[in-house]
Ligand code: UDX
């Protein structure tokens, strides 16, 4: 098939290279010139396991990058993969969706064959039918039955996005007419996974509900963990026993500093605001958010209990990325920790194997170290924020500290004299 992917961020770029890997001819449309040119050179600005190898395999063969909407003139399916970042008051900012639909519509004006437009971006229920369909139709001046529309949410985890694309648990395709849905389905031919066909709004909601449920599992584990801590119980032992019930599953029950990243916090906020806008009280969702926001503060409470005032103290912060295997620091739990430490007068020495540069763009006035040992040297305490496997091996390196005060926000360290925040 001939596929165009609009947007060269995490989702768009991964989807484009994976569609090329499935044997399609793919055009990637990225209007940001810097981002497009680094993708064209084979070195994307994001780090994602396996991505560069696939990109260089297909670049200029079955994958073409363009800053205009003419990359693949006879495209059959367009996948809209632009960002929907958190906007004012927690509502997602849909301006990129809107302008992508306008440009896409204009590029379809002179075409007379059938096309399918698939929304992959995460959008609130009702957006595809209420914004995407009318905008594309208006700007293309085409009749409703000449363009099919689908909603096909992505469930890609950063760091494992290529693997998740090629081996998903399910592929959800929401459409209001079966021809469009069949076309979208055939783009995934070659992938072995159950296909779930739904209406468009259901597909939009499946994405939000999935992320909200996973976030709920994490906050639940954290709340139980906080109780466990008071009772001298290991929450990891508890959750192992809980997760063996197949109705619960063992995944996303790791207690600690809470969830970050570009999806969970944003999607949770969007769902809460959607509910509030309809005068529904999102009681569970709000609690999930509250528990998550409290976890970093609990780390600092524990730290103060151990070493007293933080004024002038050197604190090593290990891990800046919102999770391991990524350089992404968006909504990372290390951000509120660093900001509070700074406010309390601490001197911060931070280290992350991949994310130092990204965090530097956000917070400049702390010390960034190129090795964990540099951050630990002469530190009064260490806070562990990201589950990088390399941290699991640290032990005698902590002897470089003034005192071995080690507080773990992710269960990864193997040394014995650490203290977990909720276990
Ligand atoms: C998530 C969803 O998993 C994915 O399906 C969706 O499409 C995008 O959002 P991602 O943001 O890449 O993916 O990260 P994920 O691996 O889900 O972790 C999110 C956060 O939760 C991380 O900060 C992680 O450290 C935290 N987490 C995860 C926990 O605190 N405990 C857990 O048990 C699991």
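Here the Cβ of each residue, glycine as well, is placed from N, Cα and C on the backbone.
The candidate list 61, 313, 323 contains one residue that TrEMBL assigns to the substrate site with 155, 156, 157, 158, 207, 252, 253, 254, 255, 256, 260, namely 323. When the candidates 314, 330, 333 are compared with the NAD(+) site entry in TrEMBL, which names 35, 84, 122, 158, 266, the shared residue is 330.
Here the domain 'UDP-glucose/GDP-mannose dehydrogenase C-terminal' (316-415) is broken down by DSSP into helix, strand and coil counts: 31 helix, 17 strand, 52 coil. Residue 35 (NAD(+) binding site) sits 36 Å from residue 253 (substrate binding site), taking the CA atoms of both as reference points.
Here the binding residues for NAD(+) are 35, 84, 122, 158, 266, 330. Their largest Cα to Cα distance works out to 23 Å. All protein chains shown were included, and the count of other CB atoms within 10 Å of the CB of residue 255 (substrate binding site) stands at 29.
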